[in-house]
Amino acid sequence: MFRPVLKVRPSFSYPYSIVSSRSVRLASTATANANTAAATSTVAAHGTQETPFDFEGHFESELAKKRLDKSYRYFNNINRLAKEFPLAHRQLEDDKVTVWCSNDYLALSKNPQVLDAMRKTIDKYGAGAGGTRNIAGHNIPTMRLEAELAALHKKEGALVFSSCYVANDAVISLLGQKVKDLVIFSDELNHASMIVGIKHANRPKHIFRHNDLAQLEEMLQMYPKSTPKLIAFESVYSMAGSVADINKICDLAEKYGALTFLDEVHAVGLYGPHGAGVAEHCDFEAHRVAGIATPPQGDNGRLRTVMDRVDMITGTLGKSFGTVGGYVAASSKLIDWVRSYAPGFIFTTTLPPAVMAGAAEAIRFQRSHLNLRQDQQRHTAYVKKGLHDLGIPVIPNPSHIVPVLIGNPDLAKQASDILMEKHRIYVQAINFPTVSRGTERLRITPTPGHTNDLSDILIAAVDDVFNELQLPRIRDWEMQGGLLGVGDKNFVPEPNLWTEEQLSFSNEDLNSNVFEPVIDQLEVSSGVKL
């Protein structure tokens with residue numbers, strides 16, 4: 001039988017002063033223990049007598065509120081098929097639908113070159129990065145991708161994040177935390193990621209009406225030019241398809257001493273001769289001629305292009321580039337600063353090497369394939385015209401987004417459900433809080449793969465749903481005075497961002513330097529050595 005061995009400590013003689021001080025400490029400890037015991041008994045009494053907080057009941061109550069205000073979300077099981085784009089299957093593989101609302105705008109998620117790059121990388125480097133950028137997660141695919149992104153936007157550096165939500169939150173909040181007295185100016189329709197970043201920045205903020213630059217200027221005038229300022233806005237606003245006047249915002253930023261923060265999430269891949277976004281598209285011809293190089297500066301030494309003038313550009317890898325992740329492109333100093341201070345970048349595992357490699361290949365491919373952007377634009381125009389000719393209310397905009405106005409959350413969901421079940425077409429209903437109440441809509445996003453034949457089927461199906469549900473058409477909105485430009489006789493539509501001349505160019509009209517360019521790794525991706 002096992003018996004524990006008792007070890008007896010040897011007896012020592014201590015000096016009187018040590019014994020006395022130890023006795024005092026023991027007495028104090030005893031008193032403290034008595035007080036603690038009394039407090040503990042009180043706590044114990046609370047623990048046995050009081051009813052604990054009902055967490056499950058609280059969760060149920062909060063969910064009930066979402067259901068009551070029609071903002072509860074139902075997820076559709078959609079499995080997009082790489083070899084049958086734009087088809088997807090639902091739970092059963094023979095239950096196929098045509099997807100009309102994906103943000104895979106150029107269908108690069110199925111591109112053979114992108115997939116091949118990912119396969120080769122996963123075979124060579126494995127499934128995961130193995131750590132954060134600082135600990136075992138910094139690698140060649142990451143550095144190559146950041147170099148590609150910087151080259152795309154013609155900036156000194158770029159930094160990849162796990163998503164653009166994280167990128168927007170991390171950069172904006174860091175600016176607020178580190179730039180004393182910063183004041184932030186934000187468009188009212190900015191994405192949730194920017195709104196959260198502004199909240200985390202914990203700095204004074206001013207929200208200006210959507211694309212109302214007169215009001216923005218009034219707000220900027222409230223502060224001395226020496227006060228640090230940040231103007232946060234998007235190029236293409238994803239739910240309405242409206243577009244910011246980037247050049248004029250840059251004018252205001254220079255006039256009043258502000259940094260510009262531009263979210264190009266729904267524009268990269270789709271605008272500009274090389275897919276860098278609306279900022280590049282503003283100087284389409286200059287960038288087309290220069291190719292991957294920076295267009296020459298003007299005679300007065302001032303930067304010529306709008307893309308040059310924007311201080312920070314954020315974007316996503318998960319839409320036009322067909323993979324996942326987000327990024328910011330900016331000056332080398334700003335990128336190094338974010339790399340060194342932003343918790344959202346520092347304390348998270350690096351994206352898998354295969355994802356980085358696939359995204360880099362997607363950027364290279366789309367840069368030299370102008371036809372992808374042009375086909376997407378042509379298909380969008382075809383759908384918009386077909387719907388408009390039938391009196392179906394499309395919120396007017398100059399971009400690739402096709403928002404079909406419904407104006408009621410229940411009817412928007414019913415319309416989406418009928419399209420799915422009756423017509424085998426998937427178009428997601430967009431309700432509050434993504435859009436304001438009373439402006440609920442269906443959001444359609446054509447791609448290069450949505451041919452005119454598929455578009456005709458979609459247009460007929462939407463028309464059938466409008467008839468079945470007796471949904472308001474353009475003439476009905478006219479009788480109500482119009483909404484969001486639909487049925488508004490005083491509304492002046494903006495011309496499409498793509499001109500007929502731009503749509504007439506071919507891939508061969510691009511500068512030869514965009515085909516298989518050699519892009520060097522950036523020092524700032526690893527850290528700048530002094």
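Using N, Cα and C of the backbone, Cβ positions are placed for all residues, glycine too.
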Listed co-binder of substrate (same site as Arg73, Lys205, Thr434, source Swiss-Prot) among Ser61, Ser186, Ser193, Ser416: Ser186
According to Swiss-Prot, which candidate in His210, His266 joins Ser238, Thr316, Thr348, Thr349 at the pyridoxal 5'-phosphate site: His266
Distance in Å spanning the most remote Cα pair of Ser238, His266, Thr316, Thr348, Thr349, given for pyridoxal 5'-phosphate: 28
Other CB atoms, at most 10 A from the CB of Thr434 (substrate binding site): 18
Same chain, 6+ residues apart, C-beta under 8 Å of the C-beta of His266 (pyridoxal 5'-phosphate binding site), given in sequence order: Asn103, Glu234, Ser235, Val236, Tyr237, Ser238, Lys319, Ser399, Ile401
Spatially closest candidate among Thr316, Thr348, Thr349, the listed binding-site residues, to Ser186 (substrate binding site) (Cα to Cα): Thr316
Distance from Thr316 (pyridoxal 5'-phosphate binding site) back to Arg73 (substrate binding site), taken between C-alpha atoms, in Å: 24
